[in-house]
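Visitor: Structure in structure tokens, see below.
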Amino acid sequence: MIKTKTTSLLCFLLTAVILMNPSSSSPTDNYIYAVCSPAKFSPSSGYETNLNSLLSSFVTSTAQTRYANFTVPTGKPEPTVTVYGIYQCRGDLDPTACSTCVSSAVAQVGALCSNSYSGFLQMENCLIRYDNKSFLGVQDKTLILNKCGQPMEFNDQDALTKASDVIGSLGTGDGSYRTGGNGNVQGVAQCSGDLSTSQCQDCLSDAIGRLKSDCGMAQGGYVYLSKCYARFSVGGSHARQTPGPNFGHEGEKGNKDDNGVGKTLAIIIGIVTLIILLVVFLAFVGKCCRKLQDEKWCK
């Protein structure tokens with residue numbers, strides 16, 4: 001009896017350790033964020049059929065264009081089964097790179113947003129988004145993600161000036177995809193292709209304003225709103241939406257959050273390890289007791 005209970009408990013604890021220490025080779029490592037609705041559709045429903053059709057259209061269209069929007073089925077909307085969606089690649093990607101990114105996003109979104117009526121997956125080089133309510137052409141400046149790098153040296157006036165110039169140039173540029181550079185400082189901004197010119201400028205102005213006020217004194221930073229983003233880095237490349245190797249460590253808030261999570265996880269794993277060792281020890285003692293059950297100290 002002791003052996004059975006001990007074995008069961010040991011297996012449970014080992015499973016807990018595995019679940020708390022996920023593999024770093026997860027297939028979703030290269031996405032920046034995912035937003036999924038809590039509302040779920042039923043498997044094998046009409047909505048799922050149309051969603052699968054939409055996602056397939058994303059992949060097949062990347063050879064012709066970096067951006068496209070779809071409504072499935074076409075014609076009069078049917079509230080319970082109609083799905084709206086867009087995909088968009090970074091403005092300077094070639095068709096092959098665009099197709100690779102969108103295909104990867106489509107392959108991942110099913111696991112990240114399983115049976116969700118809406119899903120929004122932002123990758124390094126592209127995004128895909130779908131919903132059961134139309135968001136096409138609708139302005140949305142909701143803040144989704146922002147972060148700043150390490151502060152620059154206060155006496156590095158040259159870098160501060162370059163960063164300010166690059167961020168400013170993103171706001172005065174033309175088009176929905178904008179890049180800027182000054183020496184070793186690079187920046188990029190892009191808005192969703194379904195926005196009008198004025199909506200795009202409005203969204204980018206908000207994102208760039210946040211970037212300048214929050215991260216203007218940092219080695220880099222990024223701001224992602226629902227319909228646009230802006231980022232810059234010192235020593236990085238505008239070809240990357242996320243900071244390059246010289247971006248620096250995360251800001252103070254990010255460090256505190258990450259350190260707290262790390263410490264908590266280390267404590268939990270330490271406690272579980274001690275419990276496992278205790279269980280193994282008790283199992284060993286129990287085995288000895290059964291062998292020596294006629295001994296007085298074990299009766």
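Just so you know, glycine gets a Cβ as well, placed from its N, Cα and C.
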Visitor: Have a look at Swiss-Prot and say which candidate in Cys101, Cys113, Cys148 forms the disulphide with Cys126.
Guide: Cys101
Visitor: Do you know which of Cys89, Cys200, Cys203, Cys215 Swiss-Prot records in a disulfide with Cys148?
Guide: Cys215
Visitor: Return the member of Cys98, Cys101, Cys126, Cys191, Cys200 nearest to Cys228 (disulfide bond) in space, with distance defined Cα to Cα and candidates limited to these disulfide-bonded residues.
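Guide: Checking each of Cys98, Cys101, Cys126, Cys191, Cys200 against Cys228 (disulfide bond), the shortest Cα distance is to Cys191.
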Visitor: Just jot down the residues in the same chain as Cys98 (disulfide bond), at least 6 apart in sequence, with C-beta under 8 A of its C-beta; none if empty.
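Guide: Counting only residues 6 or more apart in sequence, the Cβ neighbours of Cys98 (disulfide bond) under 8 Å are Thr62, Arg66, Cys89, Asn125, Cys126.
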Visitor: Within the chain of Cys191 (disulfide bond), which residues six or more apart in sequence place their C-beta under 8 angstroms from its C-beta?
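Guide: Expected: Ser176, Gln199, Cys200, Cys203, Leu204, Lys227, Cys228.
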